[in-house]
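Okay, structure first, notes after.
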Amino acid sequence: MSKAVISEKAEPRELKALYIVGPEIEPDPEILKLYDRKDCLVVGDGIDDADIYAIYLELKKHNVQIGPNTRIDIAAHGKRVDKKHYLRLSTEEVTETKKFLQQLQGSSPIDPIYVHLWSCYGGTANKDIAFLNPGSIIVTHVKSQYSSFGPADNFAHLHSITRYINEKNLTPHLQYLYDQLENYQATTFNQKESDGRIVKFKTTRTPEHDSMANIISNILEQKQSEELLKEFQNYLNKEAENFSKLFGEYLASEDKEKFQHYTSNISDKDLKNYVTGLLLNIANLSNKNNIKDKEKILTILNKIVNILGTSLLAVTVRNNNVELTKALLNKGADQHAKYTKIDMSLLYIACLNKSVDIAKLLLEYNVDPNYPTTDNDTPLLQACEKKSPELVKALLAKNADPNKVSDRGLSPLIVSCINPSEESREIALNLLANKNIKVNILGPNDFTPLILACYNNSERVVQALLDKEADVNAKDKDGFTPLFAAYRNHSTKITELLLEKGANPDVINPKTKSSILYNACNEGDLNIIKLLLKHKANPNLTTFDGTTPLMAACEKGDLEIAALLLKNGADINKSNNNGDNALFLACKNGNLELVKMLVENGVDLKKGSRGMIASSIAKKNGYEKVGAFLKAEIKSQRTLNTNQSNNPLPPKPPRLIKNTTTQNEENKKTWIKSEANLTLSQPHYNFLQSNSEAKSRALREINPLIEAAIKEVDKVNTVNVAVREEVQNILSKELLRIPINNLVDNKKGIINQITKELKLNNSQDNNNREYKISQQSLKEIGNKIFAAYGHKIQPQLTNTTTHRWQNYIKTTNNTNANKSNYLGKR
């Protein structure tokens, strides 16, 4: 997946509607059509899980967030245990509804959330409203003692959501009033038989839901009476009154007129004035960055505390009113006050708002920098989530704990490594500068900071983590290591950093059972391949179906990668579970040069797959030249075998081993047999080696000679990678004509002459000192080296070998013309 460095995304957009669908739930296609908009999102599809982590990933993927105006509909199987409601959001377990809703509001813990719950026994969740932010709404659609009826729920959901999505400027608080009648009308269709009677499922918003359902039912059955209609009006008035108490503070000023319209029938005029006048007035005053009305605000402070459960200081902090906050603190306001029932500190609210000035002001008054919310979120965690390096520095300077983990499984370092923005990278570096930081702390799904930093291609953060000795081989919940994360971005630099710190290059993808080397070969990432092989990656590890990296390279037709793998010990004749080997796969794409290279390195030409050999599959796929080449090679091998069978040879000479003794006077290596005194002056000579084997061994001698020469040239001029590879490829082919024993005995002279010729033929640009050379020049160099060292030298035979040769002549009546059969063809 090469990828560009991930840039910082724009600020997340607020969703208008979020639809959470649990397992085994079939959402109505008409409902899904309504959600098919940029400002709406569906998580889960009745098959996949829709738990809080799945929601988090989807929100991050689409760069959206839950806000105070987001309507959240949850359709999931539910159950009631010990008077608590549970949702089935994943295939493996159930989640307590209260905790799930608290996690949903975690992205902005001071804002209300608006939830419709479509679940069996949903009425049990009504009391969970007490644990949510002030102003939150939970609308349940089934009584606590009844199971749900899917089609009717879909009908009610469709009616309810249509207005909310299609109507502009409709806040949750106004939608709440619209829902009173609309949802009750819809739920009259929600019927099923139970114990021989018809059970009507009802919306369980208020204690009056039973009487309300009867009212709606009678109206629909045309059994209206004056008393019934009055009862209906009273119900709506009471709902409006409840609405005023709960949500008056949260109405924006532009909603005031609409709000007054919907509350016009409230009988308690004083209550109406209090809600629509006093609270809105206080909110407006606290929003203005001045202190003209300070005394008036302080006078009514107790009333605000009694009704909202909070203090005016909390309101001014929330509204980022620096001047009024200073005035209240100087007046003696309690800097340790908390915000409502969720027990948020004022410092936490300041961090939520990225209010650096207010946060510093509170820290000067010695507020606790580590005071957590009920979910164990700390101010430092929020500062990291809001991507504010300045806030983080201020908190760390006051000894904020960098290792505190919230109930969401998040720590400051995890959060800063999750986010790819430059601000978050700066925060991560600030945290890593803290001597108490835990670099291997775990986040959701057992992600470590290093894994996350590698996923986000954060090179500086990765380096800082490695300097702090972060675990380079740590695995997440699914078994992936930092090296996998780095490879996902094809990040050569981060991959190199990890390997140099001891990352295991042979880790296996737990899902595909493939190595990173295999993946790199399959995707043609040459730089990563070179790094992995440099750090001793195993080139013969297979995937679940037995495929090796070499097979992947050959199937892609990549000659350069295949040659590199063979040079590093790849098994050329290994087959996968289908019987295919590297040659067979190379023949499928018709790369003649690749096929020739495999043959030169000793691939088995007769090894087949599914009843066919490589030459046959090449012809079948229309690659006549490849097929003809392989057929000629097979014929050549048969001729060699026939000659050998007509001229039976003596037993193959015993294996030679290297003597560690050095003759100082000649500085030559002596080779001896472990059981007899057979000595040869050409240690690598093999009497019976085939043509392809000879070439393979010769390449192993040639390549180091060329590399040594290039290094000498490199001291004077810069030889770039492309030129280096061209020199290697062309000269290797030219020097293959030289007998292997000549190569072995004349290494130093050959290196010196190659170096000299390369320097002479260089067409260097003096301005940039870059080495350049033409293909023709390389071929001419090869001819010169061959002229100097390519003459044929017969092996010098010892007495024992000569004796065997004489016996061979006597028994076969062969002439010297057959001597090459005995010695082996070059």
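Heads up, the Cβ atoms here are built off N, Cα and C, so glycines get one too.
The repeat 'ANK 1' annotation in Swiss-Prot covers 308-337. Among the features that Swiss-Prot reports, repeat 'ANK 2' is placed at 342-371. According to Swiss-Prot, the feature repeat 'ANK 3' maps to 375-404. The repeat 'ANK 4' annotation in Swiss-Prot covers 445-474. Per Swiss-Prot, the feature repeat 'ANK 5' maps to 478-507. What Swiss-Prot lists as repeat 'ANK 6' is 512-541. What Swiss-Prot lists as repeat 'ANK 7' is 545-574. Residues or ranges marked as repeat 'ANK 8' by Swiss-Prot: 578-607.
Averaged across the repeat 'ANK 3' (375-404), pLDDT for the predicted model comes to 93. Note on the repeat 'ANK 6' (512-541): residues 2, 483-484, 487, 490, 492, 495-496, 499-500, 505-506, 547-550, 552-553, 556, 558, 560-561, 564-565, 568-571, 574 of its chain, located 6 or more positions outside it, place their CB under 8 angstroms from a CB of the stretch. Long-range contacts of the repeat 'ANK 3' (375-404) within the same chain, counting only residues at least 6 positions beyond its ends with a Cβ under 8 Å from a Cβ of the stretch, are 102-103, 106, 109, 345, 347-348, 350-352, 354, 356, 359-360, 363, 369, 410-413, 415-416, 419, 421, 423-424, 426-427, 430-431, 434, 436-438, 441.
For the repeat 'ANK 7' (545-574), the residues of the chain that approach it from at least six positions outside its boundaries are 514-515, 517-518, 520-522, 524, 526, 529-530, 533, 539, 580-583, 585-586, 588-591, 593-594, 597-598, 601-604, 607, 703, 725, judged by C-beta separation under 8 angstroms. For the repeat 'ANK 8' (578-607), the DSSP-based tally of helix, strand and coil residues reads 17 helix, 0 strand, 13 coil.
Mapped onto DSSP helix, strand and coil, the repeat 'ANK 4' (445-474) counts 18 helix, 0 strand, 12 coil.
Residue counts for the repeat 'ANK 2' (342-371) under DSSP, split into helix (H, G, I), strand (E, B) and coil, are 16 helix, 2 strand, 12 coil.
Across the repeat 'ANK 6' (512-541), the DSSP tally of helix, strand and coil residues reads 17 helix, 1 strand, 12 coil.
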